[in-house]
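Straight from TrEMBL, the features:
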TRANSMEM  7-28  transmembrane segment
TRANSMEM  40-64  transmembrane segment
TRANSMEM  84-105  transmembrane segment
TRANSMEM  144-166  transmembrane segment
TRANSMEM  178-201  transmembrane segment
TRANSMEM  221-239  transmembrane segment
TRANSMEM  251-276  transmembrane segment
TRANSMEM  301-330  transmembrane segment
TRANSMEM  342-363  transmembrane segment
TRANSMEM  383-401  transmembrane segment
TRANSMEM  413-439  transmembrane segment
Amino acid sequence: MIKREHWGSRLGFILAAAGSAVGLGNIWKFPYMAGENGGGAFLLIYLALVFTIGLSVMLAEMVIGRMTAKNAIGAFAKLKGGAWPLVGLCGVAAAFIILSFYSVVAGWTISYMVKSITGALAIEDPAALGSIFGGFIADPVSPLIYHAIFMALTVFVVLAGVGSGIERASKILMPALFALLLVLIVRSVTLPGAGEGIAFLLSPDFSKVTWATVSEALSQAFFSLSLGMGAMITYGSYLSKKENIASSAGWVTLLDTSVAVMAGLLILPAVFAFGFDPSAGPGLTFITLPAVFAHMPMGSIFAFMFFLLLGIAALTSAVSILEVVVAYFVDDRGISRKWASITVGVIIFLLGIPSSLSMGLMGEFKIFGLGFFDLMDYVSSKLLLPIGGLFISLFVGWVVWGKAKEDIAAHNGVVPFWINGWGIIVKFIAPLAIAFILLKGLGVL
Ligand code: TYR
């Protein structure tokens with residue numbers, strides 16, 4: 001048997017895990033969700049959920065991974081067996097589903113990088129940009145080509161392995177991402193009239209908050225932190241016992257959340273400065289922002305930088321989603337990393353085709369009233385991830401609590417003072433809160 005790989009350094013692990021967390025969820029989804037759900041009020045609820053349930057489940061996942069040095073399914077099998085590996089199996093299923101539509105949107109960002117260079121986006125009128133976007137995503141061929149390119153890039157990184165593929169790519173791409181983000185924020189908040197956007201994001205209006213808002217914030221927290229499907233179990237499984245795992249989980253949570261807030265500070269002030277509508281929904285980054293860039297001097301360069309930023313963020317996340325599936329086939333099915341990456345990559349590409357076509361040709365095709373893309377998104381972010389998080393909490397809190405405590409203390413032999421607080425969250429608060437919010441959001445309660 002080949003020895004299991006480890007991360008080369010603590011920084012390498014933190015950057016890879018933050019790379020997983022920071023993605024389209026932070027830059028594309030978070031600002032428009034805040035825009036649609038009352039700005040600061042959404043932000044506050046989101047922050048409260050992230051630093052209680054989110055952080056606790058993040059730590060729980062990393063601990064499960066490190067204790068077993070196994071993939072998401074194998075980890076549960078090794079620790080307990082019975083029906084528990086089903087939690088990992090749902091995670092692997094979620095990985096197929098999420099990556100299939102994630103890669104479609106990531107493909108759009110590559111196309112928009114090209115469009116910003118060619119000047120095709122240098123148009124000030126959002127309506128015209130809306131028809132460009134609508135025309136592009138409804139096209140039966142072009143988005144599929146970009147979807148294929150993006151999946152190929154993802155496969156390329158994963159097949160190179162944990163150290164020379166994922167860690168190396170993260171160490172180059174994550175600093176680039178932070179640099180681009182800073183440049184763009186400085187540009188955005190120094191626009192005349194930007195203050196209103198900042199105020200919108202930071203001052204809470206609770207009149208718009210309903211249980212639906214809270215449930216949106218919860219699924220967003222799971223999606224954004226890459227929780228509930230075993231990505232952090234898988235990344236944690238390559239950690240050595242010498243690392244301070246709790247502090248790593250804290251760093252990853254903090255980095256992910258800061259990037260979401262920074263993306264809000266990048267997008268909302270610019271949108272307000274030019275008098276656009278912050279609740280423009282998913283089109284905010286592909287329609288409203290290009291209009292904003294078109295109003296700026298050297299706008300094409302900023303537009304290119306923005307879509308590059310989005311593409312990089314998407315790539316390091318996609319890599320972690322593919323790794324969840326590949327690690328399972330490599331560990332438990334004895335398939336080579338190369339073949340597992342390529343085969344799974346092709347299957348996910350194929351699964352993404354109906355999602356892409358649901359924006360055009362298959363627009364009329366609905367299941368439970370949802371188009372294919374929306375259905376995939378709903379099933380994974382609204383159901384599979386929170387439910388996965390619920391069982392992961394219960395597992396750590398009730399089934400392997402003693403071992404989990406030991407693992408947390410493994411690097412220095414000291415059980416941290418907050419351990420029982422974490423225990424209360426994973427045993428009671430997280431499972432109950434997730435179940436309650438889920439049922440409220442579904443309208444069952
Ligand atoms: N966290 C990523 C984002 O915000 C998406 C993601 C979701 C990545 C689940 C991994 C994962 O397991 O875009």
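Just so it is clear, glycine is given a Cβ too, placed from its N, Cα and C backbone atoms.
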Inset, instruction - Count the Cβ pairs between the transmembrane segment (251-276) and the transmembrane segment (144-166) that lie under 8 angstroms and are 6 or more residues apart in sequence, then report whether there are at least 3. - result: no
Legend entry - Range from 7-28, 301-330, 342-363, 413-439 with most C-beta pairs under 8 A to the transmembrane segment (40-64): 413-439
Inset, instruction - Could you tell me whether the transmembrane segment (178-201) and the transmembrane segment (144-166) are in contact, taking contact to mean 3+ Cβ pairs under 8 Å with a sequence separation of 6 or more? - result: no
Inset, instruction - Report, as numbers and ranges, which residues of the same chain sit near the transmembrane segment (84-105): CB under 8 Å and 6 or more residues beyond its ends. - result: 23-24, 28, 71-77, 143, 147, 150-151, 154, 228-231, 233, 314, 317-318, 321-322, 324-325, 328, 344, 347-349, 351-352, 355-356, 373, 376-377, 379-381, 384-385, 387-388, 391-392, 395, 399
Inset, instruction - Might you confirm whether the transmembrane segment (7-28) is in contact with the transmembrane segment (383-401), defined here as three or more C-beta pairs under 8 A between residues 6 or more apart in sequence? - result: no
Inset, instruction - For the transmembrane segment (221-239) and the transmembrane segment (342-363), check the count of CB pairs under 8 Å (sequence separation 6 or more) and say whether it reaches 3 or more. - result: no
Legend entry - Outside the transmembrane segment (178-201), six or more residues from its ends: residues with CB under 8 Å to it: 34, 39-40, 43, 259, 261-275, 278, 296, 302, 305-306, 308-309, 312
Legend entry - Top Cβ-contact partner of the transmembrane segment (7-28) among 301-330, 342-363, 413-439 (pairs under 8 Å): 301-330
Legend entry - Folded-back contacts onto the transmembrane segment (342-363), same chain, C-beta under 8 angstroms, at least six residues removed: 96-97, 99-101, 103-104, 107, 137-140, 143-144, 147-148, 151-152, 154-155, 158-159, 322, 325-326, 329, 335, 371-374, 376
